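Novice: Structure in C-alpha cells, see below.
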Amino acid sequence: MAHCVTLVQLSVSCDHLIDKDIGSKSDPLCVLLQDVGGAWAELCRTERVRNCSSPAFSKTLQIEYYFETVQKLRFGIYDIDNKTPELGDDDFLGGAECSLGQIVSSQTLTLPLMLKPGKPAGRGTITVSAQELKDSRVVTMEVEARNLDKKDFLGKSDPFLEFFRQGDGKWHLAYRTEVVKNNLNPTWKRFSVSLQHFCGGDLNTPIQVRCSDYDSDGSHDLIGTFHTTLAQLQAVPAEFECIHPEKQQRKKSYKNSGTVCVKTCRVETEYSFLDYVMGGCQINFTVGVDFTGSNGDPSSPDSLHYLSPTGVNEYLTALWSVGSVVQDYDSDKLFPAFGFGAQVPPDWQVSHEFALNFNPSNPYCAGIQGIVDAYRQALPQVRLYGPTNFAPIINHVARFAAQAAQQRTASQYFVLLLLTDGAVTDVEATCKAVVEASKLPMSVIIVGVGGADFEVMEQLDADGGPLRTRSGEAAARDIVQFVPYRRFQNAPRETLAMTVLAEVPTQMVSYFKAQGWAPLKTLPAPAKGPAQAPQV
C-alpha cells in the first residue's frame, strides 16, 4: 500500500464561466474526481454559488496526498438548477485535469476549462490552490534527574521517564525516554514529540510524569511521579519533586525520591515534505542507464536492451514508472540523463557518465519522453562494454548537490535513478561516493533490471545499519533505495514507483532538518495562466 504523506485541502475558484441560464448567470458547483484504476470516482464537492460567473467556493476539497504515486484529478464545474444530487441533468460548464503533484508543487495552478478535448469553455478558467492540513508543532525537551532513590539491591537504579496526557478521564502515554543504566543522576537524550500527541495541542492539559526503575521482566519499580502542564514545563529551568505516594504516606519525614530538572522545553515547528515543496523546493531528477555488455546484444530478443515491437523494455518501463511521478516536482521539466559502461564514439573509450544525447555541455532532456527518445537514439550508437561503475555518476550528481548546499537554503533536492542489470563493480568507490552523498541534499534510487544476483545492491540499501566505507566512515543518513524490477513486473506499473519513492519525502525532510533549514520564505506563486498550464 502507498504511504499517505498528509491530508491536503484544495481551494477552488473560477473565472469567466459560460452562462447557461437565460436572463441570469449560472449557479456553479465544483466536483472533484480522482482516477481510480482507470475510472473516475467522485471524491467531494463544493457548495453551489448562486448567480455567479466567477465564483470563489468557500467549501474546500480534502484529499489524501501520496508523493510516490501520480494522483490524476478531474475538476468538473456544473450549473445546478435542481435539488437532485445527480449531475446528469445539470449543465456542464467545463472541466480540467491535472495531477495533485502539479498543484502542490505550483502552490496555485490555473487551468483552462474545457467542454471536451480540444473545445474550450469560452474564456473560463479554474484556479486551485493547496494547503496542508496539519499541526506541525513539536515539543522538544532536555531532561535530567538528581538524587533518585536507589531501587536495585546490587546496584543503582536504571531510570526512565514516561509522560502521560490526560484525556477522557484517563492517562494516555505520550512519550517514554530511553533507560539510563545504573545512574541516580541521569541525563536523558533530547527528544521531540508532536504537540498534538503530547498534550492534545493544549498547553494547559494536565501531564503526569512517572520516573521508574527499569526491570527486564517488565515489573518496573516506581521511583516517583509528579503532575504538571506543558506551560509549566516551558518555564525553564524547572524542577519537580518526584513523589512516591506510598512512601509519602508511611514516612512523616519523607521529602521526595529525587528531582527531575527540565533544562530546555520548546514548542517548535517541524516542517513536512509539503512545507518544503510548497515553499519552492525543486526536486532535480537525474537518470543513469547501464550499458554494460552483460545486458546482451540489443538486437537480440534475449537482451535487456532489446526493444519489443511496442518499443519498450524493462529499462524504459522502470524509467516511465519512476519518472512520471518525479517530473511533477521540477518546474522546467529538463532532466540530465547519462549512460555508463559503454564504449562511446568517436574514440570508443569506455565512459561511465556519458550524456545520452551526446551533448556533455547540455545533457538535459525535455521531460521523461525526452529521456526515452535519447535512450533509443543512443542505443545503436554505442558499444556495450563494462565494468559496472556507479561512483562516477553518483559523484557527478553530488557535485551539483554540493553547489546547491552552499546556498544553505532548502531550495533544491536531487534524486538519482540508476537502472542497472547487475552487481556494481566499483564497490569500494561506490560506498565512498554514497557516504559522501549522504551529507548532501540527494537520494539514490537503484532499480535492478533482469535476473542477476543483486546482493551487493542490498548492502548499499543499508536497511540493517548505516553504510560504511572501508575506513569505517558511516553514512550520515540512509539515502539509497534498491528494488529488483522483476519483483514488480507483473504488478501495475505504479507499484514500482510507490515502492522506490516512498522513502524520498522522509529522506529530504531529514536532511533539511539536520541542516536547520526552514522552507523558503517565498510569497505565494502567481497563478499560472492557461497558456502556461502543464499538460496532462
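Yeah, the Cβs are placed from backbone N, Cα and C, and that goes for glycine too.
So Swiss-Prot lists the following for this protein:
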- D21, D27, D79, D81: Ca(2+) 1 binding site (BINDING)
- D21, D79, D81, D91: Ca(2+) 2 binding site (BINDING)
- D152, D213, D215, D221: Ca(2+) 4 binding site (BINDING)
- D152, D158, D213, D215: Ca(2+) 3 binding site (BINDING)
- 1-113: domain 'C2 1' (DOMAIN)
- 122-244: domain 'C2 2' (DOMAIN)
- 282-484: domain 'VWFA' (DOMAIN)
- K170: N6-acetyllysine (MOD_RES)
Novice: List every residue in the same chain as D215 (Ca(2+) 4 binding site), at least 6 positions away in sequence, whose Cβ is under 8 Å from its Cβ.
Specialist: D158, D221
Novice: Roughly how many Å separate the Cα of D81 (Ca(2+) 1 binding site) from that of D213 (Ca(2+) 4 binding site), to the nearest whole number?
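Specialist: Taking the Cα atoms only, D81 (Ca(2+) 1 binding site) lies 70 Å from D213 (Ca(2+) 4 binding site).
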Novice: On a simple 10 Å Cβ count over all chains shown, which one of the binding-site residues D81, D91 is most densely packed?
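Specialist: Output for this query is D91.
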Novice: Of the recorded positions D27, D79, K170, D213, which one sits closest to D91 (Ca(2+) 2 binding site) when you measure Cα to Cα?
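Specialist: If we rank D27, D79, K170, D213 by Cα distance to D91 (Ca(2+) 2 binding site), first place goes to D79.
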Novice: Whole-number Å distance between the CA of D79 (Ca(2+) 1 binding site) and the CA of the residue listed as 'N6-acetyllysine'?
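Specialist: Computed Cα spacing between D79 (Ca(2+) 1 binding site) and the residue listed as 'N6-acetyllysine' is 51 Å.
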Novice: So what's the average pLDDT for the domain 'C2 2' (122-244)?
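Specialist: Averaging the confidence scores along the domain 'C2 2' (122-244) gives 91.
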Novice: How far is it from D213 (Ca(2+) 4 binding site) to D27 (Ca(2+) 1 binding site), counting Cα to Cα, in Å?
Specialist: 67
Novice: Suppose we draw a 10 Å sphere around the Cβ of D158 (Ca(2+) 3 binding site). How many other Cβ atoms does it contain, all chains included?
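Specialist: If we count other Cβ atoms within 10 Å of D158 (Ca(2+) 3 binding site), we arrive at 20.
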